[in-house]
Amino acid sequence: MAKDPVRVLVTGAAGQIGYALVPMIARGVMLGTDQPVILHMLDIPPAAEALNGVKMELVDAAFPLLKGVVATTDVVEACTGVNIAVMVGGFPRKEGMERKDVMTKNVSIYKSQASALEKHAAAGCKVLVVANPANTNALILKEFAPSIPEKNITCLTRLDHNRALGQISERLSVPVCDVKNVIIWGNHSSSQYPDVNHATVATPSGDKPVRELVKDDFITTVQQRGAAIIKARKLSSALSAASSACDHIRDWVLGTTEGTWVSMGVYSDGSYNVPAGLIYSFPVTCQNGEWKIVQGLPIDEFSRKKLDLTAEELSEEKALAYSCLN
Ligand SMILES: NC(=O)c1ccc[n+]([C@@H]2O[C@H](COP(=O)([O-])OP(=O)(O)OC[C@H]3O[C@@H](n4cnc5c(N)ncnc54)[C@H](O)[C@@H]3O)[C@@H](O)[C@H]2O)c1
Ligand SMILES: O=C(O)C[C@H](O)C(=O)O
């Protein structure tokens with residue numbers, strides 16, 4: 001029997017990530033090729049005409065799984081009945097800026113959209129915040145939507161996770177699908193800690209650790225990859241961000257592969273001595289639509305410092321966000 005359609009909200013849908021993301025969702029990349037979807041696209045009034053153009057293209061592409069499109073500048077209409085919300089709307093950073101430099105503009109958006117989601121989304125709606133500063137926007141959304149369970153509010157660090165897999169694949173000249181279990185700890189910012197201590201590469205004689213093989217500037221390359229893309233494109237990453245957003249939701253909803261974990265920005269419960277109450281990127285596995293932090297990984301002294309450093313930045317961002325909202 002055909003499945004009922006799932007309603008997926010994409011905010012900022014007229015922007016560059018939105019333009020890359022909505023066809024992926026309509027093709028089944030996010031929720032599976034047997035899952036019909038209804039797309040809800042939100043943008044602001046100055047982008048209304050462009051948003052309508054995106055809607056026209058979605059109609060023209062005749063995606064078999066796409067059962068409807070809502071394109072609107074009305075946040076209530078956009079949020080009504082949605083099962084999944086991908087929050088991309090906001091302002092991207094430009095060359096020379098840190099992600100927290102877009103804080104003032106973006107956190108106030110997340111405060112106001114929190115209440116619309118809380119009041120109008122479907123029960124159990126899963127939220128992914130992509131717009132920067134992603135962890136702190138997600139935290140603001142969580143705090144101003146207190147009735148949405150904290151387990152349902154996450155932010156995107158899967159792009160950093162995928163970048164780390166890509167770097168290992170390039171450095172070791174192995175297919176990216178053979179590499180697994182990197183970890184992005186902490187903030188989606190240059191303080192993040194891309195950790196290869198537990199990563200492996202598949203070989204004919206079993207999985208082998210990559211720790212000793214990946215050295216040099218691996219950590220800074222991953223930390224600075226967003227800035228490198230902005231320098232090269234004069235625009236921030238879009239196709240890789242959209243693809244990683246699909247990976248994040250797909251694994252959350254459909255589950256991670258046995259023996260593999262992924263990185264997600266989730267509400268900290270104090271695991272690994274990360275202060276509770278931050279949205280922090282951890283290694284997680286997913287099953288039955290729920291994520292769970294991978295427990296018990298040994299953390300060496302070098303890693304401990306890195307985990308703490310990025311947690312400190314997130315605590316500072318949280319304070320800054322609140323000062324912007326006052
Ligand atoms: N977490 C990640 O891995 C990651 C990766 C890439 C980009 N980003 C971030 O994603 C965000 C979007 O990037 P982009 O390149 O698509 O930017 P963009 O400027 O091309 O698009 C953003 C869109 O958001 C819209 N918008 C602004 N305010 C809005 C509001 N209140 N409600 C709804 N829509 C609104 C804009 O009109 C625009 O269409 C940026 O903050 C960027 O820094 C995050
Ligand atoms: O770096 C940025 O500002 C955009 C995005 O967060 C990225 O990592 O590509």
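Keep in mind that glycine also has a Cβ here, set from the backbone N, Cα and C atoms.
Bear in mind that TrEMBL entries carry predicted annotations, made automatically and left uncurated.
Remember, it's a predicted structure, so these values are computed and weren't measured experimentally.
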Of the candidates Asn52, Asn106, Asn152, the one that TrEMBL places in the NAD(+) site of Gly12, Ala13, Ala14, Gly15, Gln16, Ile17, Gly18, Asp43, Val130, Ala131, Asn132: Asn106
Neighbourhood of ligand 2 - binding-site residues from Ala14, Arg93, Asn132 with Cβ under 6 Å: Arg93, Asn132
Intrachain C-beta neighbours of Asn106 (NAD(+) binding site), sequence separation six or more, cut-off 8 angstroms: Gly90, Phe91, Ala131, Asn132, Pro133, Asn137
Sequence-ordered binding-site residues from Ala14, Ala131, Arg163 with Cβ under 6 Å of an atom of ligand 1: Ala14, Ala131
Euclidean distance between Cα atoms of Arg163 (substrate binding site) and His188 (active site, proton acceptor), Å: 12
